[in-house]
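Taken verbatim from TrEMBL:
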ACT_SITE  Glu287  active site
ACT_SITE  Asp370  active site, proton donor
BINDING   His286, His290, Glu366  Zn(2+) binding site
DOMAIN    39-176  domain 'CAAX prenyl protease 1 N-terminal'
DOMAIN    180-423  domain 'Peptidase M48'
TRANSMEM  19-36  transmembrane segment
TRANSMEM  43-65  transmembrane segment
TRANSMEM  71-95  transmembrane segment
TRANSMEM  122-140  transmembrane segment
TRANSMEM  146-167  transmembrane segment
TRANSMEM  308-330  transmembrane segment
TRANSMEM  336-361  transmembrane segment
Amino acid sequence: MGTWASLDVVWELPAEKQIFGAVLLFSWTVYLWETFLAQRQFILLFGGIPYLWRLSGRFCGYIGFGPEYEITQSLVFLLLATLFSALTGLPWSLYNTFVIEEKHGFNHQTLDFFMKDAIKKFVVTQCILLPVSSLLLYIIKIGGDYFFIYAWLFTLVVSLVLVTIYADYIAPLFDKFTPLPEGKLKQEIEVMAKNIDFPLTKVYVVEGSKRSSHSNAYFYGFFKNKRIVLFDTLLEEYSVLNKGIQEESGMEPHNDGEGDSEEIKVKIKNKKQGCKNEEVLAVLGHELGHWKLGHTVKNIIISQTNSFLCFFLFAVLIGRKELFAAFGFYDSQPTLIGLLIIFQFIFSPYNEVLSFCLTVLSRRFEFQADAFARKLGKAKDLYSALIKLNKDNLGFPVSDWLFSMWHYSHPPLLERLQALKNTKQD
């Protein structure tokens with residue numbers, strides 16, 4: 001009776017308190033799941049690391065690889081660990097896509113497309129992760145006393161290669177990239193790039209609308225081979241989400257055959273989304289400001305300095321048997337397990353502090369990039385673009401200063417608008 005009476009009291013509460021209580025309950029449910037059942041905590045609480053290692057060892061034994069084949073066993077361990085992570089994260093990903101995103105009109109995927117995409121991502125991840133990990137473990141084993149230098153150099157090369165090939169070879173596996181059609185927008189982008197000495201070679205439009213109505217823009221490439229990528233949802237005149245406007249202007253709707261055909265046409269509301277050409281240029285002025293002000297290079301330097309420091313500390317700590325014993329490894333000290341323990345667990349407090357510092361730095365860079373766009377004479381257009389993008393993405397403009405300072409890599413909308421406001425009025 002006591003339980004039912006408590007439920008009756010809950011149902012008698014005002015609607016706003018019921019909604020708040022439901023949201024709070026769901027938030028705590030997610031928190032408890034992430035805390036106690038997510039990969040790292042599950043492994044800690046239930047001895048998952050030694051169990052997966054033994055399981056991978058038994059599997060290797062079945063196919064004729066003994067304990068001396070540590071790298072092979074490590075690859076099996078990685079495969080099992082990432083598979084576990086993917087399976088436990090799948091329900092929340094489904095809920096986020098087909099409940100939350102769907103409710104607010106962002107999701108354009110079918111369940112079939114979502115599952116195919118998830119499988120494809122897992123396969124591509126393994127194709128990159130397993131060879132890179134095997135080479136890294138091999139370098140650590142043969143590197144001698146200075147293995148940490150060679151390991152750091154290897155990860156540096158791998159990261160630069162991945163950044164270089166991602167947009168050309170990896171991203172097209174998931175999304176369709178097409179050159180921006182000739183016209184006024186492309187000409188103005190090329191003129192702006194030339195004025196700031198940005199070595200632009202190509203401008204692409206990515207068909208992001210087949211997944212979501214969220215919008216984005218970025219550039220990539222090294223040295224004299226820079227390229228700009230615009231999401232079709234960013235472009236008011238190009239977005240499939242503005243199909244009414246497209247039909248009036250004679251533009252053909254996109255049809256890639258998978259996930260973006262009739263399903264999208266049914267789901268998409270006939271609403272205007274994206275930015276005008278002047279606002280797109282202002283957004284690109286902000287993005288190119290990151291390049292002109294050296295933010296990309298600074299981030300690479302910070303990242304690689306941190307990577308070198310971590311590998312150096314790993315070299316210092318890897319010989320401590322008590323670290324392995326604390327995680328259930330009393331008779332062996334596998335290199336991969338050492339990497340996992342030290343980088344993921346021992347460095348956790350340091351990583352939290354570093355993450356906060358990088359968040360503060362990122363917010364500073366965002367203000368500087370806004371100021372750069374302002375110097376290009378695009379304050380007014382950037383002002384309106386930020387409001388449109390916030391509205392299109394259903395962003396909430398008001399943020400608690402303490403929460404946003406810790407969690408937001410970008411300044412809250414109102415702070416950015418305030419920084420642009422005076423020049424806009426002028």
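One-based numbering along the chain as shown.
Glycine residues also receive a Cβ, built from the backbone N, Cα and C atoms like all the rest.
The residue listed as 'active site, proton donor' sits 9 Å from Glu287 (active site), taking the Cα positions as reference. A simple Cβ count within 10 Å picks out one of the recorded positions Glu366, Asp370 as the most packed, and that one is Asp370. His290 (Zn(2+) binding site) has a Cβ environment of 20 other Cβ atoms inside 10 Å. Contact check: the transmembrane segment (43-65) against the transmembrane segment (146-167) gives fewer than three Cβ pairs closer than 8 Å, residues 6 or more apart, which falls short of the contact criterion. Here the transmembrane segment (122-140) has Cβ contacts under 8 Å with residues 70-71, 74-75, 78-79, 82-83, 86, 147, 150-151, 154-155, 158, 162, 170, 173, 335-336 of the same chain, all six or more residues outside its ends. Glu366 (Zn(2+) binding site) sits 9 Å from Glu287 (active site), counting Cα to Cα. In sequence order, Ala217, Tyr218, Phe219, Ile228, Ala369 constitute the residues six or more apart from Glu287 (active site) in its chain with CB-CB distances below 8 Å.
Cβ atoms within 8 Å of the centroid of the Cβ atoms of His286, His290, Glu366 (the Zn(2+) site) belong to the same-chain residues Glu287, Gly289, His295, Phe365, Gln368, Ala369, Asp370, Phe372, Ala373, site residues excluded. Distant neighbours of the transmembrane segment (308-330): 44, 47, 49-50, 53, 147-149, 151-152, 155, 337-339, 341-343, 345-347; these residues of the same chain sit at least 6 beyond its ends, with a Cβ under 8 Å from one of its Cβ atoms. A C-beta separation below 8 Å, combined with a sequence spacing of at least six in one chain, links His286 (Zn(2+) binding site) to Ala369, Asp370, Phe372, Ala373, Leu382. Residue counts for the domain 'CAAX prenyl protease 1 N-terminal' (39-176) under DSSP, helix first, then strand, then coil, are 119 helix, 1 strand, 18 coil. Mean model confidence for the domain 'Peptidase M48' (180-423) is a pLDDT of 80.
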